[in-house]
There are 2 protein chains.
Amino acid sequence: MTRREVESVEDRIREHLRRDDLDSAVELLRALSPGDALELLDRSEPRMVPVLFRLLDKSTAVHVFAAMETGQQSDLVRQLQDGQVQDLFAELRVSGQARLLDEMPATVARKMLAGLDAEARGEVGRLLGYPADSVGRRLRMAPVRLREDWTVAVALQNLRDHGGREQAAIVSVPVVSPQARLTGVVDVSVLVTQPLDARVSEIMREPVSAVATEDAEEVARLCADRRLWTVPVTDSEGRLIGVFTVADALEVLDEESTEDAARAGGVEPLGRPYLATSVLALMRSRITWLLVLAIGATLTVQVLGVFEDTLEEMVVLSLFIPLIIGTGGNTGNQAATTVTRALALDDVRPRDAPRVMFRELRVGMALGGCIGLLGLVIAGLVFSWPVGLVIGATLFTVCSFAATVGGLMPLAARTIGADPAVFSNPFISTLVDALGLVVYFFIAQAVLGI
Amino acid sequence: MTRREVESVEDRIREHLRRDDLDSAVELLRALSPGDALELLDRSEPRMVPVLFRLLDKSTAVHVFAAMETGQQSDLVRQLQDGQVQDLFAELRVSGQARLLDEMPATVARKMLAGLDAEARGEVGRLLGYPADSVGRRLRMAPVRLREDWTVAVALQNLRDHGGREQAAIVSVPVVSPQARLTGVVDVSVLVTQPLDARVSEIMREPVSAVATEDAEEVARLCADRRLWTVPVTDSEGRLIGVFTVADALEVLDEESTEDAARAGGVEPLGRPYLATSVLALMRSRITWLLVLAIGATLTVQVLGVFEDTLEEMVVLSLFIPLIIGTGGNTGNQAATTVTRALALDDVRPRDAPRVMFRELRVGMALGGCIGLLGLVIAGLVFSWPVGLVIGATLFTVCSFAATVGGLMPLAARTIGADPAVFSNPFISTLVDALGLVVYFFIAQAVLGI
């Protein structure tokens, strides 16, 4: 179905539900593919989600549930019956089960686990043993594996015999020693294009692997940068545990981008689609940062209070307050944005701090030179040349300072183990705003002699 | 090599180059893998990049060049000799060639094309015929294909015979009719795990395909959301042209995230690693937005000019200017950030504008209620209750307004075909700042009777 068709079905289902015509709604809903059904749920009001979900047929429901974001799954679990939850939970991939369990209160988690057999419970338990953001949590377990001394023909036969279970992950296949130690990797694309009598040892490549406790984002970045189909994951002794595929990498990096974008804008990530998030949850995702920033901004009230006499004497100075702190904030944000993304891409590291500082100082002076000159001329023409000089000199100083601080903040955050996007924003605005105003009034007092 | 080892090699190479000890530098450099060599170049000052690149051995140079971002490639091309450029260019994938040609002036592009044979030139030409951001530009051309009536054994034999060329893309294989029309897709993981005598028609699935002129980002999002290994790409008549893989999707979405993150922070994307970007280029990526925002901010100077008499009478009002416009800007940004990301993820569309407006108005009023109450109490205690009332009422109004505007701006941008991240930022800050001040002074005049 095209997007437009899905949208029209969406409108019609809503209309049927409004009129309590359940049968017609069910009929339309059951004609949707799982992908289209998920799209419909993603774009429904929070209170409608469980209603619509209950109307799905069972196999679609399983697919839709598996493809939901974890936050959305946990919202839904709270509104379904235990038996249904157990069925849905049992159908998730092990890594999905581990993530959902992490979100649930212990009592609910226990109920969900009760629906699994002992082996499956053991697997989830093993994944939950790895740190929360580690690649171990994202594993596809027990992948098929090859031996070095096999021929291509034997390897293919083996995949046919044993490849069923984690089929989706068969895209590059790990090669292991008799002690289950990882010795190489064969891409399936190579396996199916090489002569049947070639040895696995001749066609395999050096594995680029990860240890299960490593950070998932770093492994995903490795996977993306080296363009690998899968990264085999081992325990600390080099024994193969599972694989992490490029599809998993895409998921991890997408989540990270969403989080970074959110935090750069001063919002906590929602963990669920926007329209399916309640107004209360939207408010909760923003209130903390808004309060932190507002409390930081009371510093500017205090700074201005100190210079109240100067302001009283020359009210014209107050006209430029928004322009000056705005320009400082923008310059600082620009630098922080560039360096934060460079950090995420591993293009820059904390040890580069001196180089970053020197570059940002030069960029800030260049930017401040342009903006300051403009400010000098305009304020000079409209008001007076002394005022123009104050504005120009302030803009130059504030830009140079803001770019330097903005460039260094993300590195400082990374060094102390904080999230660069979260940490930079409030510090830059508070520091740059308050210090910018101090600079402004000192320059004004010096130039205007007040 | 571990990251630390690469970093130490990096330091030693720089040291050798500083002492003009070229031989030792080359020795160290040639011991690096292509991946490590690229990392070294990514983190080198712009003027060092061509120096280091020329010291690489030829096969590493080819790999490193192919893995560079397009902006970096084009910087390098300008500093190498024609012959060397032709060799490097010829080794790129067709889609990489098309992207690089787009960045180069016509004379250089002609020289680069001169190094290709007629067939390869034809392929690049064909890709360049698709729109700039289309999935056609990202194609892997001429993939191996299967026929419905083949058995698995025949299909595998066929891959062995003809799969060599675009081997990296063999992960799901398109099935075509005798007229080359796409009829299905078989994942290689299925192909290698099914009985040899099964028919392709029995094991293939419905293809989720794209037309070459479709937007690359949308196809990448489809690939990610549906967890597909590849999306076959056809012409407008449904004939198979090539495939777009999950690895390509990852690349496209990564680029988009980088662009969105940059633009949300008021910066043009660099197209090359941060440390390898010149200070001039960094400045150029920021100056336009900084000027636009500064010129927008002159509106606040004018608004304040209108209320200069009020300010003159009550200087205390000027103390809260940064707090009020800061809070308004933050609230607007939060809403814009959330909706922009939701748009990028296709969780929200322009037709949802009424729902978004209503939600954001409620969120804004809730946030404004909290912050306003706090402002009322603090300003009331520190200054006076009438001042507290002005601050509280202003914060409430500004937050409600800012969230609504912030939520709607990205949708408005998308509707008129502009980039939501670029468009929202300056409009929100200018509009919210200026109108926030107008609201502030009107409320002050009403409450304080001035």
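Glycine residues also receive a Cβ, built from the backbone N, Cα and C atoms like all the rest.
Note: TrEMBL annotation is automatic and uncurated.
Taken from TrEMBL, the feature domain 'CBS' covers A:203-259. Look at TrEMBL and you will find A:287-307, A:319-343, A:363-383, A:389-413, A:425-448 tagged as transmembrane segment.
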As a test of reading the model: what is the averaged pLDDT for the domain 'CBS' (A:203-259)?
89
Tell me whether the transmembrane segment (A:425-448) sits in contact with the transmembrane segment (A:363-383), defined here as at least 3 Cβ pairs under 8 Å among residues 6 or more apart in sequence.
no
Cβ under 8 Å, sequence separation of at least 6 from the ends of the transmembrane segment (A:287-307): give me the contacting residues as numbers and ranges.
266-268, 321, 325, 425-426, 429-430, 433-434, 437-438, 441
Could you break down the residues of the domain 'CBS' (A:203-259) into DSSP helix, strand and coil, giving a count for each?
25 helix, 16 strand, 16 coil
